[in-house]
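Database features, via Swiss-Prot:
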CARBOHYD  N49  N-linked glycosylation site
CARBOHYD  N79  N-linked glycosylation site
CARBOHYD  N118  N-linked glycosylation site
CARBOHYD  N154  N-linked glycosylation site
SIGNAL    1-17  signal peptide
Amino acid sequence: MVYKLVLLFCIASLGYSVEYKNTICPPRQDYRYWYFAAELTIGVNYDINSTIIGECHMSESYIDRNANIVLTGYGLEINMTIMDTDQRFVAAAEGVGKDNKLSVLLFTTQRLDKVHHNISVTITCMEMNCGTTKYDSDLPESIHKSSSCDITINGSCVTCVNLETDPTKINPHYLHPKDKYLYHNSEYSMRGSYGVTFIDELNQCLLDIKELSYDICYRE
């Protein structure tokens, strides 16, 4: 008799455990987007002819209010830090443009155009004299001079560098993730632009990123 009661109790418990009721969750208002925070163009003195799927790798961290991202690919290591910020890097993509130019799209969790940030960028030529420092200087913001960007270049392969924060355009064919990134930075006075050139004219380092093909960087 006791065995039958235990068996009935187990059956009843099993029947209760699989019972499922649909729960209607309230809609989200704070959608999680990737914000198109910056575009970095780097010219090199060796041939890079087209975007290579799987070439770019990335790692990111957020320590003591400093957001950092490290990218490797196309013979370069790019190390970028945004100081004293609430956001962090969430993704990056790289694409090859004309005349051996590499374009890097950088995405963060929040917009950059509300607060001026100091930025540090180190570019290392992985295959050409990577142990020598070619350039190390603090560049004032060339548009509004409200923040600064220090750029360090290790090696002899870089011909020009241009960094634009809060760009107002993006490749219409870039779909990673589809409909989940924003780039409508309407406050022009909050945008920034930094540039340095060695061989190329700086205007040759200004790519039309709407014409490039990009590949998302693989997260390590």
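Any Cβ shown, glycine's included, is placed from N, Cα and C.
Of the listed glycosylation sites N49, N79, N118, N154, the Cβ environment within 10 Å is emptiest of other Cβ atoms at N49.
According to its DSSP assignment, N154 (N-linked glycosylation site) is in a strand.
In space, N79 is the closest of the glycosylation sites N49, N79, N118 to N154 (N-linked glycosylation site), judged by Cα positions.
N79 (N-linked glycosylation site) sits 14 Å from N118 (N-linked glycosylation site), taking the Cα positions as reference. When the Cα atoms are compared, N49 (N-linked glycosylation site) and N118 (N-linked glycosylation site) turn out to be 33 Å apart.
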